[in-house]
Structures are given as structure tokens and as C-alpha cells.
Amino acid sequence: MASFVPINVPIVLGMLTMHSTPAIVFWQWVNQSYNAVFNYCNRSGMEMSTEQQTVSYALATGSSCAMALLMKRFQPEVLRKIPWVLPYISVATGGSANLYFTRRSELQNGTPILDPDTNEQLGVSKKAGQIAFVKTWISRTLMLPIPLLVLPSSLKKFIVEAMWFGDLRRHRRGAVSLEAFLVILSLSFALPACVALYPQKMEVSVASLEPEFLPLRNRHSGRMSHVIVNKGL
């Protein structure tokens with residue numbers, strides 16, 4: 001996770017400032033390549049086959065690039081006025097595909113559930129896997145791109161038009177430097193804030209799991225009200 005800021009600064013800047021077709025394809029591919037590695041290293045502990053990793057990578061990068069090109073073709077006016085729309089939709093689409101195919105074994109086969117007192121594995125639950133997947137999808141795929149893509153672009157526009165830096169419109173280097181500073185600032189706060197939405201080791205109510213887990217009991221407090229699930233990041 002320590003690599004998140006230094007790696008994502010050039011990626012986010014590239015997606016926000018370069019709008020040619022080759023640049024769009026290149027930066028979406030770079031972004032989803034990094035996401036594939038990040039998802040694999042920070043999964044909930046379930047193993048993946050080489051085939052699953054390959055399918056995840058191909059579908060995530062392909063869907064992201066395809067969505068970016070589609071948006072560029074059919075919404076030129078909107079994209080000129082709101083430049084973060086294309087990167088956000090492309091990142092969210094590719095990120096969703098990436099997360100699904102990286103973590104689909106948790107949806108299909110379940111994820112381990114643990115005793116909150118002893119940390120012993122009590123079984124494997126598909127519903128726990130679904131809960132972990134949805135919370136990761138909300139925090140990482142839907143929420144995280146917003147401060148990374150929306151805030152730098154919006155703040156730069158506000159600063160240039162409403163404050164003291166109007167001449168930056170005529171100086172691309174100054175505008176890019178300002179945007180780079182805003183991207184670094186956003187990245188520094190966005191990841192901790194979004195990851196903190198849901199803890200990695202989260203409590204899940206036994207009542208929300210499969211019926212066979214309802215009779216679970218622990219050694220100390222009788223009937224178990226909740227279990228621990230490793231959500232991943």
C-alpha cells in the first residue's frame with residue numbers, strides 16, 4: 001500500500017491531462033495493470049489460479065479501454081466541460097471488472113469466517129464473501145476514484161478561474177504543476193479515508209450468514225452473535 005501514492009500520481013495526471021486516443025488507451029491500461037496487482041496482493045486470502053489472474057487482467061483492461069473510447073466518441077461536449085467524467089467512468093468500469101474477476105472465487109466458493117475470541121476458522125461462507133466483495137467494491141471502486149479524479153480537476157478549475165492564477169491558462173507547464181500538486185494532495189488523503197470506510201477484519205452478524213451457521217457457539221459467551229471476516233482491501 002505504501003506504493004499507492006507515488007505510482008498513482010503519474011497515472012492520474014496522465015488520465016486527466018492527456019486526451020488523445022492512444023493516450024487514453026495507454027493510461028487506462030497502465031491503471032488497470034496496477035489495479036490487478038493491487039487486488040491480487042490485497043485479496044482476502046483466497047488463492048487464484050493463473051487462468052483466473054489472466055482472465056481478470058484481460059477483461060479489466062479491455063473493458064476500461066473500451067468504455068473510455070466509447071465515452072470519447074459519443075460525449076465530446078460533456079468531456080470538454082467536465083474532463084473527469086471519462087476517466088471516472090472508465091476507471092470504475094474497469095475496476096469493477098478487475099475486482100470481480102480477481103475476487104470471484106469468494107463469491108462462488110465463499111470466504112473463511114473466524115471465531116472473534118480465538119481466531120479459529122469456523123467454516124467458509126458464500127454470504128460472507130458477498131458482503132466482503134460489496135464493501136470492497138463500494139470503497140475501492142466507486143468511492144476512491146472520486147477524490148482522485150474529480151477533486152484535482154475541479155479545484156484547478158476553481159483556482160484558475162476564481163482566484164489569483166488566471167494567467168495559468170496560457171501556461172501549460174504551470175497548469176500541469178498545479179494539477180500535480182492537487183493530485184498528490186488528494187492521493188495522500190483519499191486512500192486512507194476510503195479504506196477506513198470498512199475495516200479489513202470486519203465483524204459480520206451470524207444472522208446474515210447461511211442457516212447452518214446460526215447454531216454457532218463459542219467457548220466463553222455461549223451463542224455467537226457475530227464472526228470475523230477478512231475483507232481484504
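One is the number of the first residue shown, and numbering goes on along the chain from there.
Just so it is clear, glycine is given a Cβ too, placed from its N, Cα and C backbone atoms.
Annotated transmembrane segment per TrEMBL: 7-30 (among others), in sequence order.
Beyond its flanks by at least six residues, the transmembrane segment (82-101) meets 12, 15-16, 19, 24, 28, 31-32, 35-36, 39, 52, 55-57, 59-61, 63-65, 67-68, 71-72, 75, 107, 133, 136-137, 140-142, 145-146, 149-150, 153-154 of its own chain at Cβ-Cβ distances under 8 Å. Annotation comment: TrEMBL describes 82-101 (among others) as transmembrane segment.
What TrEMBL records for 176-198 (among others) is transmembrane segment.
Remote same-chain residues near the transmembrane segment (176-198) are listed as 1, 4-5, 8-9, 12-13, 16-17, 135-136, 138-140, 143-144, 147-148, 151-153, 155-156, 159-160, 165, 168, 231, 233 (criterion: CB distance under 8 Å, separation of at least six residues from the stretch ends).
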